[in-house]
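According to TrEMBL, the protein has these features:
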type	residues	note
BINDING	G623, P624, N625, M626, A627, G628, K629, S630	ATP binding site
DOMAIN	697-713	domain 'DNA mismatch repair proteins mutS family'
Amino acid sequence: MSKTHTKAKEATETPLMKQYNQIKAKYPGALLLFRVGDFYETFGEDAVKASKILNIVLTKRANGSASHIELAGFPHHSMDNYLPKLVRSGCRVAICDQLEDPKSVKGIVKRGVTELVTPGVSFDDNVLEQGRNNYLASVYFTKDVLGVAFLDISTGEFMTASGKKPYIDKLLQGFQPSEVIYSKAVRAEFEKAFSDDYNTHYLEDWIYAYDFTYEKLVKHFKTNSLKGFGIESIQEGIVAAGAILHYLEETEHKDIDHIVSISRIEEEKYVWMDKFTIRNLELVYPQQEGGVPLISILDETLTPMGSRMIKKWMVLPVKDKAIIEERLHIVEAFYKDKGLADALKNSLKAMGDLERLISKVAVGRINPREMLQLKKALGLAVPVKEALSQSGIEALKKLGDQINPCEFLYELIDTQLHDDAPLLTNQGNLIKEGVDEALDELRKIAYSGKDYLLQMQKREMQNTGISSLKIAYNKVFGYYLEVTNSHKDKVPQEWIRKQTLVNAERYITEELKQYEEKILGAEDKMVAIEQRIFQQILKHANDYVSPIQQNARVISMVDCLLSFAEIAQKNKYVRPTITESHELDIKQGRHPVIEKQLPHGEEYIPNDVYLDNETQQIMVITGPNMAGKSALLRQTALIVLMAQMGSFVPAKSAEIGLIDKVFTRVGASDNLSKGESTFMVEMTETASILNNLSDRSLILMDEIGRGTSTYDGVSIAWSIVEFLHNHPKSKAKTLFATHYHELNQLANDFPRIKNFNVSVKEINGEIIFMRKLKKGGSEHSFGIHVAHIAGMPNPVVLRANEIMHHLEKDKIRHQTQKRMQEIPKNNYQLNMFEADPVLTEIRELLDKLDINTLSPVEALLKLNELKGKLR
Ligand SMILES: Nc1ncnc2c1ncn2[C@@H]1O[C@H](COP(=O)(O)OP(=O)(O)OP(=O)(O)O)[C@@H](O)[C@H]1O
């Protein structure tokens, strides 16, 4: 637009639109809700967007003499209804309010943005989901290491971490932030590194600077350094976290005293799960719509804060035996002592969201009803503390000791706040009788007003002898005495005439005027006093932010453990034995989700799984389609993860030698949107597993290699199993499900590989799925049979059978087997890397390879190069 044009536009703009444009320019990218009188209005592009999202009418209005602008608005009292819809649809919403009383100013009223609500920064109960944290994440990039920070402003929880890209990716996947911020310069890098599923926003580059962000953090926490938080050493995490504090300022969130601490998510404390595992095992979110994630089975918590904590436990199962044992110990105590569990549950049921309530106190956004709920929750914390302390169990006593009943605050709210206080502070009936003398006095005046007027009327009637005298009120004249014309002459001299009607006269008296002043001012005064007292209560409550946050943490933990005990009872789980050994011994394990979904009358068939590092490191599991291979693989990992969360498990018995990493390559997860083929994804995921093995890893591999031709597929699957078996440092426990029966050969040559199959029976040409895991390999796939069950047209099934017989005759399958047998045996010596120079070279190449920096094409080329070396 040319300068003259802009000037012309400015000249024709109304003052209101001029003000609007000035404010709008300060919040680029945000949808501006502009308060005009009783309405919030949107203009231009914002109006078009808002009208679509909110389904409200879009109109046009004159904007100066020549132009028109789109307009859409809603009444201010509908904010609670409309704001969440805008934010949930991903909008950043700047709320611009009138900063002065329009009645008290001439000309245009001052306006300004009072809050910028974004998907990741919201206190609004309608935007937030009760049992889910609403995280804002910030990511900082350096060449090798990335920093990440998560803040849930609604609870004050603030965490940070740093690490390589896969770790940060995993954390993002696990915490599922509602919004991610990063610096402008790394926009493309972020999109490349992480999926574009996140709602993102970028900040100016200078914000992501170490000194600036460090300063921000120490200033906020009022400390000299960050040593006390244990994050001093993670520079990248500090930058990410400090940028969050800056962002809060930018979004007009200045009351953040409830963020009292920042903690480090320690990679080494938790079971490592790659992001595929969290996704593939459907721990927190289902992969498909309508699916049931594990957390839905585990989460029987009674408070929203408990529900949030159990989700965190799910994505961060622990490796520390002592922590797991303590949790299991408590679950067992609840499991056995129903009286204790019931007593605690009764209190927890009515507890509400103590964690979010105290955050609202800290930021001054708590309403009177919520303050009453806070009191109730504090009251309920007392029996919880008692029950824990009297349980006779040391671990529970320890938890009980950490609960602070905050008696002073409880008493204060109890004695001052009305038991049925309204939602807002300006509606009266907020503060109890006897709290404030002036308030009581005003109430007397306000409520005894009628009596007082009747008495005055009676007195004046007697004094004047006017029998029809009446005292009344109207908006224009206030209170008055009305005398019909027939009694006019009896009116005393000192009465002042105010109005003449056809058949009556209206007067006021000095006494009536004084009374009027008192009573009309009383209401405003009462509101002012009540608000002042409420603010005092709030100020006192503010002193209790830390202890109440602590209470919330303890109660959430109790809630999670009660939930574990509840589901253990309900679903017949057992306490696992956690050991430092390398054995995994699950007897009659079940899949916690599938067993709940079987049609009525159908029983889940339990199976044993045994793995160790000495005798049975790898189970190669064959079996026809639909036999239950995937279910078996998944249930094994789920049982391990549940155990290491501190939960009982679906099995007859389970001995879990601590697992430190769980990797899965289950099913084909399509990633076509990112331009990668399914096979490429499969290979990338597998490569990431093979590059990160440890002695305590648990690996699930389901049909590796099926995305390519049979020969390639078998070869890759074969070499992966070998690699896992012969890895010089790590004997990772592996469940390997495959359709390639050729792999059964491996067990002959490698001592720690064992064959299993999920059995089926063929009766009169019909396949019966037994779902039982048996020793030994299997021969048939029955894929065509499954196609038949699936409703494939008969001619296709018949033809497929025909072709299969033909192929079998051609001995293609046998040829493959033969080829496999022909491969020189000395390639598979235990120490194969040391024994074979070619393999040593390959190993060196693999070691040097940074899989994270490879493009798909480079990876394929590399694979080809490696194969070339083998040839
Ligand atoms: N142990 C079991 N008891 C009862 N039902 C089971 C059991 N295991 C699996 N199922 C049922 O069988 C279905 C198929 O199992 P699953 O997907 O594990 O088969 P699969 O062998 O992996 O098949 P495919 O090779 O085709 O992927 C499951 O969805 C489940 O309903």
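Residue numbers in this text run from 1 along the chain shown.
Even glycines carry a Cβ here, placed using N, Cα and C.
Here the structure is a predicted model, which means the values were calculated and not measured.
Positions of TrEMBL features highlighted on the structure.
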| residue | record | Cβ contacts under 8 Å, 6 or more apart |
| --- | --- | --- |
| G623 | ATP binding site | K629, A737, N757, V758, S759, V760, S778 |
| A627 | ATP binding site | N757, V758, S759, V760, F769, R771 |
| G628 | ATP binding site | I605, V758, F769, R771 |
Distance-selected binding-site residues near ligand 1 (C-beta under 6 Å), from P624, M626, A627: M626, A627
ATP site, defined by G623, P624, N625, M626, A627, G628, K629, S630: further same-chain residues with Cβ within 8 Å of the Cβ centre: A737, V758, F769
PLDDT averaged over every residue in the domain 'DNA mismatch repair proteins mutS family' (697-713): 76
Other CB atoms, at most 10 A from the CB of S630 (ATP binding site): 20
DSSP three-state assignment (helix, strand or coil) for A627 (ATP binding site): coil
